[in-house]
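Chemist: Structure incoming, see below.
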Amino acid sequence: MLPPALNIPKWLEENSHLLQPPVNNYCVYHPSSPATAGYTVMIVGGPNARTDYHINTTPEFFYQYRGSMLLKTADTSVSPPVFQDIPIHEGSIFLLPANTPHCPVRFKDTVGVVMEQPRPKDAVDTMLWFCKKCGEVVWEKRFVCTDLGTQVKEVVEEFAADQEKRTCKACGTIAETRYQEGEIVQPPRFLE
């Protein structure tokens, strides 16, 4: 028998305490469940506390349920990388192409849904941090992602706990583990 549809307002009322920093995600449909056909569906709240760029080998589908978020992306095919910010407003959807470095910035009282395709067997995810001063990669970690609910958080925490990993080898700047107050402006809630 198939499970019932997930009512987002009711789920948030009963489970919003599960959306905790640094990632603030909760997998409502886990790929290990036979009912999901390998897909991962997460509810993600804000504010999150991360500055990493994640590279997934499959596309990611974003639906912004409440408020606006900012999806920071990086084109690493050029040096230095070219950065582009993509606002995703309430009620909007966005399909991020596979292998695009991205940093989802979520603000207070915002909620989104992210859906990811099943990853090919032994596909390697990458998380990396860029230097704000010179644009070089400060640190990166590659791993086979089997549980988005825990592994991304673990890598973010590993980076945050080690100043050597956070120090740019090119210029010596120490990378921040979260954006500073006022550093990133929340896009307007609704498009005018």
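Using the three backbone atoms N, Cα and C, a Cβ is placed for every residue, glycine included.
Per Swiss-Prot, the feature O2 binding site maps to R50; the stated evidence is sequence analysis. Under the heading Fe cation binding site, Swiss-Prot lists H54, E60, H102. Residues or ranges marked as substrate binding site in Swiss-Prot: E60, R106, E116. Under the heading divalent metal cation binding site, Swiss-Prot lists C131, C134, C168, C171.
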Chemist: For C131 (divalent metal cation binding site), which DSSP three-state class applies?
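Modeler: Once the DSSP labels are grouped into three classes, C131 (divalent metal cation binding site) ends up as coil.
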Chemist: List the residues in the vicinity of the divalent metal cation site, defined as same-chain residues other than C131, C134, C168, C171 with C-beta within 8 angstroms of the site's C-beta centre.
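Modeler: Checked against the 8 Å cutoff, the neighbours are K132, K133, G135, E136, V138, K169, A170, G172, T173.
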Chemist: Rounded to the nearest Å, what's the C-alpha distance separating C134 (divalent metal cation binding site) and H102 (Fe cation binding site)? Just drop the number here, would you?
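Modeler: Distance between the two Cα atoms comes out at 18 Å.
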Chemist: Looking at the binding-site residues R50, H54, H102, R106, which one has the fewest other Cβ atoms within 10 Å of its own Cβ?
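Modeler: Candidates: the binding-site residues R50, H54, H102, R106. Fewest Cβ atoms within 10 Å: H102.
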Chemist: I'd like to confirm something. Which of the binding-site residues, E116, C168, C171, has a Cα closest to the Cα of H54 (Fe cation binding site)?
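Modeler: That would be E116, nearest by Cα distance.
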Chemist: If one looks at the chain holding E60 (Fe cation binding site), which residues at least 6 apart in sequence have a CB under 8 angstroms from its CB?
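Modeler: In sequence order, L95, L96, H102, V114, M115, E116 meet the Cβ cut-off.
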Chemist: Rounded to the nearest Å, what's the C-alpha distance separating the residue listed as 'O2 binding site' and R106 (substrate binding site)? Just drop the number here, would you?
Modeler: 9
